[in-house]
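Per TrEMBL, domain 'Amidase' is recorded for B:40-480. Feature annotation from TrEMBL assigns active site, charge relay system to B:Lys54, B:Ser140. Sequence annotations record features per position, and here TrEMBL assigns region 'Disordered' to B:124-143. Feature annotation from TrEMBL assigns active site, acyl-ester intermediate to B:Ser164.
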Amino acid sequence: MLPSCRPSSFFAGRLRRAYHDQRWPGWQVVIGIETHAQIKSRQKLFSDSFTSSLGEVPNIHVSPFDAAFPGTLPKLNQECVDLALRTAIALGSNIQPRCSFDRKHYFYSDLPSGYQITQHYAPIALGGGLLIPNRDSPIRIKQIQLEQDTAKSTFEPRTRTSSIDLNRAGTGLLEIVTEPDLRSPEEAGAYVRALQAMLRAIGASDGNMEAGSLRCDVNVSVNPIGQPPGTRCEIKNLNSIKFMQFAIVFEVHRQRALLSQADAVVPQETRGFNQDTLETFKMRSKEEAPDYRYMPDPNLGVLSIAPERIKSTVEIMPELPWVTRIRLLREYELSEQDADILLNLDSGQEHGDGGAVAYFDRLCKDGPSVNPRVVFNWMVHELLGRLHAAKLTFTDNPLSSSQLGELIALVNSAAITGTSGKLLLREMLADSSSALTPTERARSLNLLAASSEQLDVSALCAAAIAALPSEAAAFKKGHKNVLNKILGWVMKESRGRADSQQVRECLISLLH
Amino acid sequence: MRVSLTRLSPHRLRNAIREKDSSVNAFICMSPPPKSAPERSQRLPLQDVAIGVKDMICTSDMKTTSSSGMLRDFTSPFDATVVTLLREAGADIVGKLNCDEFGMGSLNVHSVHGPVVNPFQPASSTVQWENREKRSAGGSSGGSAASVAAKMCSAALSTDTGGSTRLPASYCGVVGLKPSYGLISRWGVISFADSLDCVGVMAGDISTTRDVFDTLNVYDARDPTSASPDARQRASAAATRAWSTSSLADLRIGIPHEYFPSELSDEVLTPVRAAIERLKSRGATIVPVSLPSTPYALSAYYVISSAEASSNMARYDGVQYGLHVPLPPGTNLTNTASMYARTRSVGFGAEVRKRILLGTYALTADAFDNYFLQAQRIRQLVRADFNRVFRVPDVLSSDPTDAVDGEGVDVLLHPSAIRTAPPLGAEDTDGLQTYVQDVLTVPASLAGLPALSVPLPTNDQDWPVGVSVVGQWGCDDTVLRVGQFLES
């Protein structure tokens with residue numbers, strides 16, 4: 001059998017086993033990631049106080065339970081369970097018919113009860129996987145568990161005081177743990193991006209690392225290629241993909257240096273990451289690791305997930321990003337690059353109806369039958385281009401899909417020219433609160449393409465030549481580029497209604 | 001006697017309590033007299049009934065200290081569900097009652113408010129009541145038992161984790177009910193060991209106990225361990241099927257021989273035997289039974305309750321609320337552990353500290369399997385023991401049989417304690433004896449079963465003795481009915 005006939009995954013697997021990284025030739029890097037994603041539920045995991053967003057007044061979303069007042073008891077929020085189920089379904093994990101909650105004990109001022117309720121002994125889902133670009137086999141998922149977030153403590157060095165904000169205390173978290181399947185900092189980054197996109201698409205989490213709604217702990221080990229995996233170190237609390245990748249690179253070099261020494265040992269450690277020096281530092285050794293004294297929570301009992309509940313969750317699952325991508329390619333015949341542009345627009349923020357893919361869907365489905373690639377051009381190159389020029393993002397887009405759709409229809413039906421369309425878009429963006437429809441606005445701007453008797457192209461061209469005598473002379477002397485300036489004068493005078501090709505031909509014949 | 005209490009105006013009642021309590025120390029604080037309520041067209045079930053509440057149950061209008069230095073000045077922002085239910089039923093909640101710190105103890109001597117003195121005085125005694133022999137009221141709900149025994153309240157709420165209601169009821173000569181686990185809401189009840197904690201009811205007689213229990217016996221969505229209305233209904237239907245006539249002639253009473261250990265004193269054994277004989281002579285069938293896991297129950301209980309206690313006590317760290325003891329000047333502030341250690345060492349009493357240490361050890365990674373998991377297995381065995389002897393099926397079991405076992409018993413009967421109230425001051429507060437007192441009460445706690453201690457008639461010179469009636473889960477009504485037969 002020829003190599004080219006082998007199943008691609010087999011071939012890729014062989015290639016991967018021989019993976020050489022120019023940064024560390026001869027070494028294999030093994031990475032596993034634990035992500036903590038804040039669950040996007042209205043209320044906290046075990047209390048009825050609302051979840052909060054960054055920048056809110058401290059300590060306003062706090063119930064006696066969140067502050068661990070004596071006599072309070074937890075009550076499981078089923079919305080959090082549903083979002084965990086969605087995540088498990090998206091990752092193809094095995095949802096456990098019975099799971100339970102455990103207390104993880106440690107003393108810290110951001111943990112009012114002295115324990116975190118988590119799922120140590122029986123998590124809600126086991127197994128699963130996530131596909132990332134340039135890898136044929138999925139990154140295997142070990143488990144998904146539900147747990148509480150802590151409060152937020154901040155230290156003011158000037159006054160030497162710690163402040164505690166309980167707004168976050170008790171917010172639901174999804175802990176998603178991979179097997180040690182990642183082989184490079186770039187793969188680690190791709191995994192987190194794919195996870196973010198998925199979590200956002202199903203509405204389980206904002207997945208925003210900068211805002212702290214997604215945090216990563218990364219396990220890294222190195223070994224000479226062909227030898228068993230090395231001892232891993234865990235780097236805690238990485239809050240951006242960039243820093244995560246820097247941390248992994250630093251860690252690979254550090255561990256390689258240790259292994260190149262005579263005694264050749266990497267001590268198992270928990271390490272932190274310094275964002276200023278881009279270096280990791282030792283927090284504690286394996287021997288110093290705290291004993292969390294896990295205990296089954298005596299109040300919460302067993303959480304049973306009936307097959308019917310999984311079935312009904314599957315039925316209401318939003319479209320997953322990798323399914324959306326295939327749909328964009330097949331249904332609209334977008335190029336891979338264009339499809340990824342749309343998907344990336346969505347992965348930057350929350351979406352659903354407000355997302356870029358949904359906007360594009362509506363433009364194509366509700367609007368005139370226009371080639372989807374033309375629609376894409378208007379939406380991305382024209383609309384988004386203008387927004388970006390004004391330092392805005394797609395979320396700031398003031399135009400509804402029906403407004404943009406009407407504009408595209410005007411151009412498509414030749415009621416206005418493409419140039420007029422762009423002018424109209426500019427006007428619509430400049431005054432988005434206007435009650436005028438795009439057609440009414442085009443009319444008021446005198447943009448509706450005139451019939452030939454209304455617009456005398458030859459007269460306009462003659463006027464242009466008269467108005468720009470030196471340019472006309474230069475053209476006659478052979479400076480062909482000057483024609484564009486004369487043509488521009490005509491287009492401006494016609495308010496874009498004239499057909500530029502027709503004007504060009506007319507000017508050339510008049511100037512000869 | 002109960003009538004005389006309710007006849008007093010709330011104001012005079014409080015004065016009377018204050019006077020009497022100076023020799024008992026049952027009350028930690030008292031509520032102001034309620035403003036005279038407008039005449040209601042309909043009398044509420046507990047209209048103007050004076051009820052005291054154990055200080056582990058949260059009240060928004062009075063401090064809730066759990067008898068701990070840690071919460072000495074703590075007032076809860078909310079009322080416990082049971083307190084709300086009592087208020088809605090018209091009860092006059094007169095005050096908060098002394099107890100062992102966080103419910104840990106059998107003698108009510110581990111309290112930041114000082115020990116409770118048993119109000120009992122044998123009828124033959126010739127000294128003034130104030131100068132009576134000072135004996136323990138039992139614990140941990142000593143204040144609840146004593147306040148009822150001294151007729152300062154008609155009823156009192158207690159808690160019961162391993163016998164904290166039944167033991168003081170026995171020592172003080174009052175009725176004490178630990179209902180089935182999950183029937184009465186624990187929302188607002190300060191946790192000692194959540195899987196065992198129950199709110200208990202104490203009163204001078206069964207009928208008052210039942211009135212209060214009926215008021216509190218409702219499902220509460222705020223308590224995740226509250227028994228579902230469905231489970232309640234199934235249990236009560238099963239209980240009715242098993243003992244449909246409610247007549248002594250159809251009652252089968254089991255006498256578990258493991259509950260008559262050699263430590264049992266004659267002053268307890270004699271009245272308990274007499275009570276059994278009386279029931280037998282009135283038609284009840286007496287069946288000797290065996291609960292072979294009983295000897296292991298006590299150690300399992302201490303592992304589980306201490307493990308849960310160590311976890312529940314973790315919140316008392318001096319950060320959010322409660323006691324905070326500043327570190328002495330010059331302490332290294334970078335070590336946060338020293339801050340917690342300081343406050344917790346000062347704030348907790350010796351018994352609580354001891355149980356935290358025991359529970360912390362039981363939960364460490366090295367000990368977990370041998371202690372905590374083993375204890376959970378014993379707990380299952382204890383439960384299975386009970387299920388084997390009862391003729392009413394266990395409706396909470398994953399595989400409940402609907403069939404009523406004709407050979408089984410309706411209730412078990414055994415002494416509530418191995419002795420009468422021990423003298424204060426001479427008590428062996430820290431030794432093993434204190435724990436052995438609990439040996440007769442913890443199996444029902446581990447199994448979550450209803451257990452009722454009823455005082456037995458004794459001679460003029462004797463101290464009170466209680467007998468316990470234990471039923472299948474959800475058969476609280478059966479247990480109370482049997483209690484009524486014992487009372488009459």
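Along the chain as shown, the residues are counted starting at 1.
Any Cβ shown, glycine's included, is placed from N, Cα and C.
This view paints the features noted in TrEMBL onto the structure.
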residue: B:Lys54; record: active site, charge relay system; DSSP (3 states): strand
residue: B:Ser140; record: active site, charge relay system; DSSP (3 states): coil
residue: B:Ser164; record: active site, acyl-ester intermediate; DSSP (3 states): coil
Local confidence of the domain 'Amidase' (B:40-480) - pLDDT mean: 94
To the nearest Å, how far is the Cα of B:Lys54 (active site, charge relay system) from the Cα of the residue listed as 'active site, acyl-ester intermediate'? 11
Cα-Cα, B:Ser140 (active site, charge relay system) versus the residue listed as 'active site, acyl-ester intermediate', nearest Å, comes out at 5
If you skip the near sequence neighbours and keep only those at least six away, which residues in the chain come within under 8 angstroms of B:Ser164 (active site, acyl-ester intermediate), Cβ to Cβ? B:Cys99, B:Asp100, B:Gly103, B:Ser106, B:Gly139, B:Ser140, B:Ser141, B:Ser158, B:Gly200
How many neighbouring Cβ atoms, not counting its own, are there within 10 Å of the Cβ of B:Lys54 (active site, charge relay system)? 32
Other C-beta atoms that fall within 10 angstroms of the C-beta of B:Ser140 (active site, charge relay system): 35
